[in-house]
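Here is the structure we will look at, set down as structure tokens.
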Amino acid sequence: MHTDDHAHSIPRKRRRPALSCEKCRQRKVRCDRKMPCEPCTKSHGSLSCSYVYEGKAALNARLEASRRSEHGSPVDHNGTHGSSGNASSVEGATNGARVAHLESSVRALHDRLSRLEYQVNGTTRRHLPSNGNPDAINNISGLDDRIAELERLSDQPQTTISPLAPRLKSTGERTKLFGTTHWALVFQQFRLLRQVRSTASYTDGNQNEISKLLKEIRGLRRLIKSRQAPQLADPAPALLNDLPSRETCDELVHHYLRTLGLIYRVLHIPSFYQDYERFWENPRSASTGFVMELLLILAIGSIFRCKPGPSNDLGIPVRRWIYAAQWWLSGPFEKELGSLESLQVHCLLLLCRQAYVIDKESNWMAAGTLLRQAINQGLHRDARNFPTVSIFDAEMRRRIWATVLEINIQFSIDAAMPPLLTPQDYDTRPPSNLSDDDFDRSTTDLPPPQPNDRYTTSSLQVLLFQSFPTRLRIARIINECFHEPSYEAALHLGGQITVACREMAVLFHTWLSRAGGSTLRPTQFHHRVMDNVLRRFLLNLYRPFTIQATHDPRFYLSRKLSLDSALMMASYAGSPSTSSDTDQTPYQDFQRLSLSGAGIFKGHLSPDVMMVISLELITQLEEEVAAQPTGPGPQILTAVDQLVQEARKPIIQALERINEDLYQGLATGNPSMKRYCLSAGVLAQVHAVPRGEQAEWVHIREAFMESMRTCRTLLQQHISSDSLMTMKDGTLPTSADEVVRGFTPESAIGSTLDSEFTVPNLGFEDLNFWDIPAFFDAGEF
């Protein structure tokens, strides 16, 4: 006590840092300065063992003591050396677990600090080393320094400025955005040089001389560029020779406008019809951009003509038109490609490629090009940032930007790729709920938008775009690399999509009940297409949990929700015998698009729908077989088993309708062979198991072989038909023998077919024959 009083009475200039933990200092025992220390461990207080921060000296001393103790023996509270064997094995295991827990906590703190540092100053530190105890205190010391640095930065006043205002340069044939960091904005600071462009600074005829020089220089520049560029012929004049009659074109334009033209808004309909009338007055005087736009509209409209499928009595070379538009967009037409018209052509081109299954593997990359082309023209910035943009152009820019976003996110789902877009990348407002007749190029004040329950020609786009933020989050979550999907987050986002589907159904009911005689009114076709768009995000969001739910009941809800969405999408299928080919009904429109298209246009024939339904059927069958008692004798179905089988019938019927529509697609020249064969194999298994078959794989193989023979017959008939062979595309083979020569079900499957079927269980993971090379390639599914 005398020593303590004397210590308090004589002030010291420098206090010796406390190296012991707080508990040892309170108990007045010697601390070995470990983490946790041995006295705290023996007293079962290791969790409360802590040190008071005294600066780097204390930490370095503690580190040195810890390293000495690891090479020597621990020091007890009497100052004598003890043996490590005095500690029990249980205490050693407990210490190891606690040390591991502390190291994990340190690493978690390191990650949190890294994220905070990146937010504060845009820099991060290296990751902690994987080795443990020797560097633990060094790591803690480093974390402490970083916390102090963050505290210092947060206390400093932040100096911010408003970003430079972007500049939109728009001429009659090109639009270009100069972003906030573009070098051209610096020219605003060159006041004297800018005055040269002013007429006030021109004297003694200098203005005329400068203008003359500029014209000569620009002419020479164009001449040099024209000589350097390859001489490619403009495809538009030759394509005009392939145009059908005016009457047919009018019909096809109407089919486009009443179907996809109301969902993916890229045109102002009255303005388009004005250009359309001028085109027929003098087709040769039309711009190449309008010709490409018209040809793509005719190509989409031909899908919804009376006879379904690509084989039609018009002989329209739609594929040649599509490739010509692709060539024009990628050709040496830089000036023309900087306009809104080129964006309209690009949007129509990607819709055509999906509708006719052309280069679908590269559509996601093409959608990225479209997105960057739109950003290059400044469509990602709202028109309110550019006072010189007219009211008409501002609203059209919003419509086209919404269409660009839709194409980008839907194609990313098709390709299972990230959308490479965030909500922070754009500030463009959603399009207004206005009809095209409500504004034109002479409009100076945009009328107020209509309420959602009042249908306009933009209502479908506005309604679909309302769910875009949620769908963008889903597309980003399911493609993230560094975060595992959260089941709770998936259910939350899925619930938002479900609510959007219900609200959409209510609005369509309201619109249809008020529909008048307008030809551009909403129909069930639009409801089915848009409902499919939303539900595809549900299927992709729940897919990993649905697969997990086959053996983990915690995720059964996702399996149930996926099945409900898939059955809803499959319900849009119907029997083609209920209506003739000449019917113009919403069902026929949806059926034609599903048979012709891919991805977003595949509808109920999408692999997403078929896989969910097939997986559910196979899972139920496996669960039913596993619940049956083993042993000889016939299996007796209980009342519960009969109820389960009755409840399974609607699911089986849905897959049967899909299989029937895939057959119709084969008959009309849309070869979806793998889906047709897979659905036939699943149906064979479904019908074989309830009969107590012991070798179900034999029935699957027979169904698969039979479906292959059916495919061969249908393709032979289709290729040899006169209507298809006389098409103007020039892309089809010259004879049926050229295609089917050497094609047999046995050769497609392989010579070792019998050896492939060696497993009794019929889950997807065991069906080896679905992995046959060159036939069930996932890229061509």
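Here the Cβ of each residue, glycine as well, is placed from N, Cα and C on the backbone.
Copied over from TrEMBL:
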- 20-51: domain 'Zn(2)-C6 fungal-type' (DOMAIN)
- 64-74: compositional bias 'Basic and acidic residues' (COMPBIAS)
- 64-93: region 'Disordered' (REGION)
- 80-92: compositional bias 'Polar residues' (COMPBIAS)
- 422-455: region 'Disordered' (REGION)
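In the region 'Disordered' (422-455), helix, strand and coil residues by DSSP number 6 helix, 0 strand, 28 coil.
Residues of the domain 'Zn(2)-C6 fungal-type' (20-51) grouped by DSSP class, helix first, strand second and coil last, total 14 helix, 0 strand, 18 coil. On the 0 to 100 pLDDT scale, the domain 'Zn(2)-C6 fungal-type' (20-51) averages 79 in this prediction.
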